[in-house]
Ligand code: ADP
């Protein structure tokens, strides 16, 4: 069993002893692990001394991770170099404890794989499987597929050795299921090679042959010479079992050539022995001897006892067939001696192994303890994860709520803005409405005020007609009727004016300027108000001569002139004088209406022209007023681009002046 296992693991290991550069993403820990099973090794003593120094260094620096790495390295040197498995186990367990405390999961995977090797080496396959299962569980969280399949290949090996062929096959088939993902032909070839072995054991030679050929093709595709030689050798053995000696020979020869190129002395011994055995079976004893001699040389060179034994056995048998009994006996003798030596060695080894096993299994309880710790920590991690998930959920919910609040706030802010805007619009409209209302009030006051003036002159005419009909001549009545007609027309014009003004207030009127003679307007108003003046024996003079052309809205200017003359009459006593003058000043035409009436104090003057002050006093003949005439005047003058002002002295009279743009103005 021991030899079988060794051969088996040898096969497996050799398949992995290939250049790894082609796989750029390969786990460095996996590369490290596999490097220990490569053919050529540095002298183990030197390597151990170097690692012991490194261990001291790591301990002195208290670098736990480095310490674990060195401990594992030493363990591997004992496992593969000194073959002191007890020591190896000791170091692995120390490494495992550190890795466990630092939660170095990816490192632990390989420690468990190494421990599994210790167990399989001492024949404790159950423990070996257990360790590999541990490695699988830890690696599952790391999701490293290449490591996963490497563990599976190792696990398959352990199961195959125990005769658990189906379980082993399942492991290898799982490796193959990952072949596209891992894209590593060597690992795939290893699984196929192992499957072919199982098939051979079960006597399914045809299937085994096909599987071996697939493995061979894969090895060739990546120029894996060692793998190719192994496959060729096994195919040769398979053909021998199938009794196809020609093909068996051809494959063994091909394998030999590759092994020679690789200078693989063990392999060469194996191939020559296989070829020799084939010739022996074919009863070609001379050729058998020639090959077996070469096998013996190579086997002795590398001290390969099993190959040497095989060479002795076949050489003895061949010489016997050739009739050279002396040589036959000599080789038989050597065979028996070696066999005995090997048996002793094996017994000794087994004894040692039993001791080892006892020691190692003692240590196993430590692994169990570590495992419990790991499980406990995993449980803690799971609880932590749950808590974390809960916190995530909480944070998520908070974020959602916050987002909702923010959204609602934004919506509210937007609606507030809309409301504010609506409010502003409403306010604006309110103001406009207030303004309109004020304008409306003003309008009604103005109508009542300005209608009164002309109506007064109308009543004067009608009074004259009514009370003096008999004393008036027909001509005089005609003249009065004419004046009456003129007054009515003027009143009509005034009404029109007022309506126009009201429209100006609502923004509907255009103060469209026209060129007209301001002096003519003065004259017209003097004529219109003459009768009114005459009643108070006031003289209305116009000092303006000729045409004074201006550019303004005629109707509104006419209203201003009429208002000012009207006021002058109103606030001048009997026998007074009113004079209208025109002049040019700063490129404008200025009209001044001067009276020698009651005049005004400076306080009263300050109140004029302003709607908010609205000053009004009764006239000299007790005439009532509203205090709006001058406000209207100011508005019309300013609308025409002019200015209005007053100079006055109490008891001496007043001068109301306003400016109008001249003809050429725009
Ligand atoms: P009303 O004449 O209807 O009162 P006005 O706006 O025309 O309204 O005039 C306002 C006031 O200004 C008058 O009530 C009066 O006190 C004063 N006023 C206007 N014109 C004269 C004037 N020529 N002489 C003295 N005071 C005047």
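From the backbone N, Cα and C atoms, a Cβ is placed for every residue, glycine too.
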Feature transmembrane segment in TrEMBL, mapped to one of the ranges 348-368, 369-389, 390-410:
390-410
With DSSP as the reference, give the number of residues of the repeat 'TPR' (269-302) in helix, strand and coil.
30 helix, 0 strand, 4 coil
Which sequence positions outside the transmembrane segment (390-410), separated from its termini by at least 6 residues, show Cβ-Cβ distances below 8 Å to it?
none
